[in-house]
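Working notes for the structure below.
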Amino acid sequence: MFFRKKQKQVETNDEPSTSSAISLALKAHLGIESSDLIQVVISAKEISISLPIPSTLDEATILEVLQERGLIPSGYQCRVASNIPMFAAKQALVTNVKNIVAVSSGKGGVGKSATAVNLALALTKLGARVGILDADIYGPSVPIMLGTTNASPESNDNKTMQPIHAHGMVSNSIGYLVDNEHASIWRGPMASKALQQLVNETKWPLLDYLIVDMPPGTGDIQLTMAQNIPLTAAVVVTTPQDIALSDAGKGIAMFEKLDIPVVGIVENMSFFECPSCHTQSPIFASGGASKLGSRYKLPVLAEVPINMQIRENADNGHSLFADHSNTHLQDIYLDAARSMAANMVNKIKVSQVAIASGGGIDITRLD
Ligand SMILES: Nc1ncnc2c1ncn2[C@@H]1O[C@H](COP(=O)(O)OP(=O)(O)OP(=O)(O)O)[C@@H](O)[C@H]1O
């Protein structure tokens, strides 16, 4: 959880603290282990902060945190920008795409696609440039969840496809291109080739994260697909009951075998909260993901309740973030997105990074 703890007001100086004191204070709040990628430029009455995780939504809270700690005198403006690094991946990345994150599940029907879409929407809300790729060749549900079932990617050059825009993100899916019935009878190599084409032949705009909704399972097809996409990291989705957890464990092992860092587990359908009495019932048992997390030394990014709004939004192609009616659910996904981004910073070597310079911050250099 970020930014929630209130600190006691500390007496402030007239001058701001040094950049390194500010980065150190922010590091703890952001869940980042090193302050190296937090850049702070102090100028007259303004502090520009560049973070390696998406947090532009949190500008006011960051200012509050720094003022409460007496690191910035009142009267100073605080400008927060995110400059998401490109993390090291085993294969050459796709043009314009900084990082590709697989959302995967060992077992079908645990809410992997809903999690992928809501994580992508949360990252977008936090200010990141996000794309979503539906790799679930056998049951593409991203177009339904984004409300884009009638869309079809256009091509200006007969070689590449323009992705579909919706809810501030771009997407591509086999569901835009062929009937579900056709894709579902494809054999492994055909499905894998189709996925590679979707990744490489889409004209992605500059993206901080491309979220990939993987097909469920850990068989040969999933393994080949995970090998054929230049993945930077993976998130594993599970429900809390034993049968799903054992499959999720196989999923984690598959990514470990492929040397793709798993940056967290999302426990979906963790509990049902009665809307009138607020009692929480652990319908599919409880505590499973945290046990799995301890076994594999992985953080649990979120415990998402079973909630009708999640189902309705997903089925109707509406964004959970479209208005303020679901802020408690939005907060769960926003925290998960922040933790995922912070764990990428903590676990994966950076291959390209932005550096601060003179008045600006958004300059990229090769390490
Ligand atoms: N937390 C939740 N609360 C309520 N409904 C949910 C939740 N998560 C997912 N659902 C709903 O459950 C159904 C299955 O979810 P989803 O399609 O995301 O699962 P999946 O794991 O991707 O399935 P598949 O294995 O077929 O790819 C959908 O109707 C979705 O809207």
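Glycine is no exception: its Cβ is also placed from the backbone N, Cα and C atoms.
According to TrEMBL, the ATP binding site annotation covers Gly106, Lys107, Gly108, Gly109, Val110, Gly111, Lys112, Ser113.
Annotated features, which come from TrEMBL, shown on the structure.
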residue	record	contacts (Cβ under 8 Å, 6+ apart)
Gly106	ATP binding site	Pro216, Gly217, Thr218, Val236, Thr238, Ala244, Ser246, Asp247, Ala248, Gly249, Lys250, Gly251
Lys107	ATP binding site	Pro216, Gly217, Thr238, Thr239, Ile243, Ala244, Asp247, Ala248
Gly108	ATP binding site	Pro216, Gly217
Gly109	ATP binding site	Pro216
Val110	ATP binding site	Pro216, Val237, Thr238, Thr239, Ala244, Asn268, Met269
Gly111	ATP binding site	Val237, Thr239, Asn268, Met269, Val304, Ile310
Lys112	ATP binding site	Val103, Ser104, Ser105, Asp136, Asp213, Met214, Pro216, Val237, Asn268
Ser113	ATP binding site	Asp134, Asp136, Ser141, Val142, Met145, Asp213, Ala314
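Proximity of the binding-site residues Lys107, Val110, Lys112 to ligand 1, judged by a Cβ distance under 6 angstroms to any of its atoms, singles out Val110, Lys112 in sequence order.
The ATP site is set by Gly106, Lys107, Gly108, Gly109, Val110, Gly111, Lys112, Ser113; from the centre of their CB atoms, other residues of the chain with a CB within 8 Å are Ser105, Pro216, Val237, Thr238, Thr239, Ala244, Asn268.
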